[in-house]
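Trainee: First the structure, which I've put down as structure tokens, then a few questions once you've had a look.
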Amino acid sequence: MFKKQKPELKFTSGRRYVTSNTTGVMRLRNKYYNKALAFTIKERQLLGIHGLLPPVVRSVEDQVRIKYAQFINLNHDLMKYLFLLNLSEINEPLFYKLLESYTEKCLPYVYTPTVGLACQRYSYIQQFPRGLYITYKDKGHVLNVLKNWPEFDVRVIVVTDGGRILGLGDLGANGMGISVGKITLYTAFGKVRPHQCLPICLDVGCNTDAVREEPYYMGLKCKRPPTDEYNEFVDEFMEAVVKRFGQNCLIQFEDFGNSDAFRFLDRYRYQYCMFNDDIQGTAAVGVAGIISAMKCTGTDWKSHRILFQGAGEAAIGIAKLLVIAFKKAGFKEEQARNSIFLRDSKGLITKDRSPDSLTENKLPFAKDMPFIYKLEDCVREIKPTILIGASSQPRSFTKQILRMMALYNAVPIIFALSNPTAKSECTAFDAYMNTKGKCFFASGSPFPPVEYGGRTRYTSQANNAYIFPGIGLGAASSCIKYLSPDIFLNAARIVAGLCTPEDYAQGRLYPPLTKLSHCAFEIAMAVFTYAHIKDLSMVSPKPTDIRAFLTHQLYDAKYEPVIPSWLQPDSKTDQKDKLNCIEC
């Protein structure tokens, strides 16, 4: 008499393809099926590809080690980027296994800072049909273009118009590299299945003459349209996405121009399942670093004055989320805003400045105090405990400014968040040396560890990859209606909570990059739970075990056997299934 076993949720690879429909040669040429030398001899014979491969059979672990050896022997950042991009188009599971095994080494070449260089050269290096280009000339027919994408089950879209690529400005259609990079991280760390992810570039022209007039520029060679016409085009795009992929398809806006980014966020945030990573994702990762720094220093919110160098998407996004964090800690909104100071290219944002120089998003943070132009004078007058750079103005945190931060604070907190590395407000070396090793430092791009006073300080990278993969997994799994600001504050707290005392001792304000998948899963859990508590989820009924439900959604980058185990009479799984059938 056999006891009936409770059915369990198991990992699935996320394949949507019927393997029996694919021939052996097709497998070798298709990134979804190709296993290269991992095909067993039996599989090669069954598929008719015996002899097309060398006789050796290699495990996926051996393949990963060989690919990594090839990768590190390349001597140029762009060559490493192209190596990884090509691998993803030849053998998708192996690509994601490589990222999983060597995250800290490979991530800078999949995304920041190398993706900035790749976008600058994208017209020359674009090879594979990665993603969808929808141009302004497709207006009126956007849905038809979306229908050309061969996948039906798309859950996550990353869309850019190339209007403000990192700190490099308007790159137009070359911005597709950003969407491709972000989508890669959704699968690598959020474990959203690859066929459910779609990178899109909205090509509406380019206002950078040097880019637009390049002989081989691949985008529309015209300037951007007026705001009203652009709004109509993006409205059509959003409506077409819902018609094609459903209301619950998450749309991430990435690297739009400053005014466009805020306008579209305000326009769509409660109408669609969408968010802007430059505003909200950066805000969450920035606030996570501040929460970690407060834990390290034993301070609370009332102890801090925060000065921003820069008042664009990232700075205002962080500032707005900080206001919410202050209010959650018991402060009134006015008290919260009084602790936050912003400085843009024209100086400190104060009420006596010309109204023409203050946008709607800057006005709430305008101070009733004398105008100050220089950043050094702002630091001297305000005496901030936290200095955050989000200006794309390289080396704007001078030696004098860093030394003043150390003079005014026992433990200064300094974030140089601008990307890529060449745009950073200061280096990790400058920060530690000019504060005599006292500061907690985080940057947007990675810096090598710094030796000071007999201690090794590891640089904290405030990478949005800590946030958006988990948001995407949680939103896609819960079919959430929209993403409220509380979701991003919860994500910040989760990331900070995953830091260990050992991380703090090394100067880290974020968990190691090897924990990105763990961060994503915990954030997804929080998003899913929040969606059901606030009645925002379209998944009904609510799963009794959310963790098991989410686990079942994950993509597992593994090679599929040619013959499913249930068709092999000598397999253990088959025997187990037989026993269950006998019992039933």
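Note: Cβ is positioned from N, Cα and C throughout, glycine not excepted.
Quick caveat, the model's predicted, so the values are computed rather than measured.
Taken from TrEMBL, the feature active site, proton donor covers Y111. The active site, proton acceptor annotation in TrEMBL covers K182. For R164, N419, N463, the entry in TrEMBL reads (S)-malate binding site. TrEMBL lists E254, D255, D278 with the feature divalent metal cation binding site. Taken from TrEMBL, the feature domain 'Malic enzyme N-terminal' applies to 88-269. If you look up TrEMBL, you'll see 279-532 marked as domain 'Malic enzyme NAD-binding'.
Walk me through where these features lie, including what they touch and how far apart they are.
Mentor: In sequence order, G181, K182, T184, L185, N463, A465 make up the list of same-chain residues 6 or more apart from Y111 (active site, proton donor) whose Cβ falls under 8 Å from its Cβ.
Summarising the environment of D278 (divalent metal cation binding site), the number of other Cβ atoms within 10 Å of its Cβ, over all protein chains shown, is 25.
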Trainee: From the binding-site residues E254, D255, D278, pick the residue whose C-alpha lies nearest to the C-alpha of R164 ((S)-malate binding site).
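Mentor: Closest candidate to R164 ((S)-malate binding site), judged by Cα separation, is D255.
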Trainee: Could you measure between D255 (divalent metal cation binding site) and N419 ((S)-malate binding site) for me? Cα positions, answer in whole angstrom.
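Mentor: Cα-Cα, rounded: 12 Å.
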Trainee: Around the divalent metal cation site recorded as E254, D255, D278, what other same-chain residues have a C-beta within 8 angstroms of the site's C-beta center?
Mentor: T160, R164, I165, I178, F253, F256, A261, N276, D277, E313
Trainee: Return only the integer: C-alpha distance in Å from D278 (divalent metal cation binding site) to N419 ((S)-malate binding site).
Mentor: 12
Trainee: Are there any residues at least 6 positions away along the chain from E254 (divalent metal cation binding site) with a Cβ closer than 8 Å to its Cβ? List them or say none.
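Mentor: In sequence order, the residues whose Cβ lies under 8 Å from that of E254 (divalent metal cation binding site) (at least 6 apart) are V158, V159, T160, I178, S179, K182, N276, D277, D278.
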Trainee: Other than its own, how many Cβ atoms are within 10 Å of the Cβ belonging to R164 ((S)-malate binding site)?
Mentor: 23
Trainee: Do you know the mean pLDDT across the domain 'Malic enzyme NAD-binding' (279-532)?
Mentor: 94
